[in-house]
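Enquirer: Below you'll find the structure I mean.
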């Protein structure tokens with residue numbers, strides 16, 4: 001019976017039918033032999049392993065060209081310089097909206113006081129724009145070459161990239177031929193696509209939103225039925241033949257016709273016009289309040305919260321599927337690197353008896369990988385511990401689990417905790433110590449001044465703080481007298497058991513005891529603080545989606561409503577004019593700065609609408625100034641921003657908070673352990689519910705790599 005293969009032997013290195021040789025003419029790492037080209041082949045293997053590991057770090061696809069010249073281009077493309085250049089280009093083309101016609105270069109957006117904006121000469125912004133478009137053309141060309149035409153045809157994002165570039169260049173040509181007087185610039189609304197296609201996490205988020213739309217549409221249908229039913233009921237209730245004054249005022253103000261009724265109840269769904277919409281009828285008869293209360297309870301408290309729950313449930317499920325794909329990409333990249341390195345022939349062309357990755361080969365690869373120093377040092381230290389023993393597939397994978405952690409930099413106050421006192425530079429700590437002692441002294445003097453000496457001494461905590469402050473002040477004066485003022489390289493010498501400097505630092509620690517009063521609240525505070533910190537660190541994808549939505553709606557709003565808000569006649573007599581305007585109207589509230597006359601003003605107007613406070617005022621104003629169809633735009637904005645995006649943001653907060661609150665979470669390390677210096681990313685937030693890819697899945701996927709041929 002044949003001996004079983006070693007567990008660490010690379011699966012893709014097994015020959016079919018027991019053979020171990022590669023097909024003739026196939027260049028692989030296993031085909032390296034001693035000879036003139038051996039060094040070049042070894043360098044190719046190292047480059048392949050380096051690129052695979054870097055792909056794993058960034059969750060990138062490994063299905064790209066693997067020859068030497070393509071790997072050189074691939075690494076240059078994903079270098080920090082190229083990627084930052086691409087990011088700056090995206091920022092620049094998006095920023096053009098602020099200086100293009102209509103320009104936002106005015107002091108105010110108020111139509112009453114706004115001067116003529118400073119317009120850049122024709123051709124200047126177009127020149128900058130075409131340079132940006134040429135950078136994107138180069139970006140698409142490089143991607144198309146590296147991933148191949150077959151992949152290009154299947155990738156909808158790359159095809160969309162091509163279409164957007166073609167349309168933008170054609171529209172740019174038309175704009176230049178019309179000397180910047182074109183009525184519509186289609187390319188402006190397409191610019192956010194450049195931001196979307198450059199972020200894998202934003203693509204995942206957008207895909208999750210698209211997958212969640214059917215479930216959201218079901219609740220939206222219930223909301224529409226609820227809204228229509230109460231609209232018809234309200235029109236019947238307040239449109240009877242024999243009406244009192246309250247009914248008549250309610251009908252004329254909020255239920256005049258079907259569009260007005262729908263708008264009034266839609267706004268009531270957001271509670272922006274509550275209780276205004278109810279007051280005319282309720283002031284005459286208490287029973288009318290039942291109609292509005294029932295509508296609000298069903299719509300705002302039940303259906304809207306049901307929508308939040310559905311969005312949270314569906315989004316979390318679909319996001320986990322996307323993150324499962326990211327995890328598979330990371331494991332596939334590291335497994336591909338293992339297969340490449342473990343396929344290297346031994347000395348004099350002999351294949352290694354015990355298949356695996358030699359530590360010295362892996363160290364050579366790690367030294368060339370673009371990786372932050374903290375991760376690289378930790379991984380290289382683990383590799384050194386293996387000595388000359390080859391790493392198996394499991395050991396190789398466990399080594400790269402270090403990538404699943406995101407390092408938090410230590411606070412500089414404890415950065416030198418492992419450095420001998422004689423080797424420390426205490427200049428910064430010396431300055432901080434002086435600052436804190438001055439602060440403690442001022443605190444003591446202010447308390448004595450405010451409470452009086454007797455009142456100050458009546459609090460035991462004040463007595464404790466005061467004694468510590470006096471002792472610290474005496475020690476600080478003594479330290480400065482002995483060691484002089486702090487300066488770079490300042491290291492107070494140790495005289496006796498403890499120096500004056502060390503005694504001061506020990507007494508400083510006692511000040512911390514003042515915080516013992518808040519110990520009962522420490523856990524909730526820590527959870528809330530860590531949740532906020534995690535959101536700030538992981539909001540790039542959600543923030544990017546919001547930027548895209550704002551940008552698109554702002555450009556559409558400019559094309560639809562630019563110039564419709566006109567300054568009132570006789571600006572010098574605004575007070576009488578405002579006095580004659582209906583109370584709560586656009587004119588009476590002086591909302592003139594809320595318009596779509598330029599890009600910056602449009603963004604602020606959209607923000608005010610997303611908050612939905614008094615958004616019915618803007619709805620009414622643009623209905624009067626531009627027409628009833630304008631409500632479609634504003635309702636769509638409310639659905640996208642306040643309903644969908646805000647609920648997605650709430651789902652992220654809930655998941656982050658619940659994960660940190662869970663006492664069984666594996667990401668809750670004990671204080672003082674090495675794991676305590678790590679924090680989670682978006683991927684790690686769901687790491688405990690993701691499944692590790694199976695080995696046969698990884699090897700099967702690698703066997704179908706379009707540009708890599710490992711012997712089987």
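Keep in mind that glycine also has a Cβ here, set from the backbone N, Cα and C atoms.
Unlike curated records, TrEMBL annotations are generated automatically.
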Enquirer: Looking at the candidate ranges 44-62, 101-119, 120-138, 139-157, report the one that TrEMBL labels transmembrane segment.
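Expert: Of 44-62, 101-119, 120-138, 139-157, TrEMBL gives transmembrane segment for 120-138.
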Enquirer: Pick from 261-286, 287-312, 313-338: which range does TrEMBL record as transmembrane segment?
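Expert: Of 261-286, 287-312, 313-338, TrEMBL gives transmembrane segment for 287-312.
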Enquirer: With TrEMBL as the source, identify the stretch among 407-426, 427-446, 487-506, 507-526 annotated transmembrane segment.
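Expert: My reading of TrEMBL: the transmembrane segment range is 427-446.
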Enquirer: Decide whether the stretches the transmembrane segment (632-654) and the transmembrane segment (120-138) have at least 3 CB pairs under 8 angstroms, with pairs required to be 6 or more apart in sequence.
Expert: no
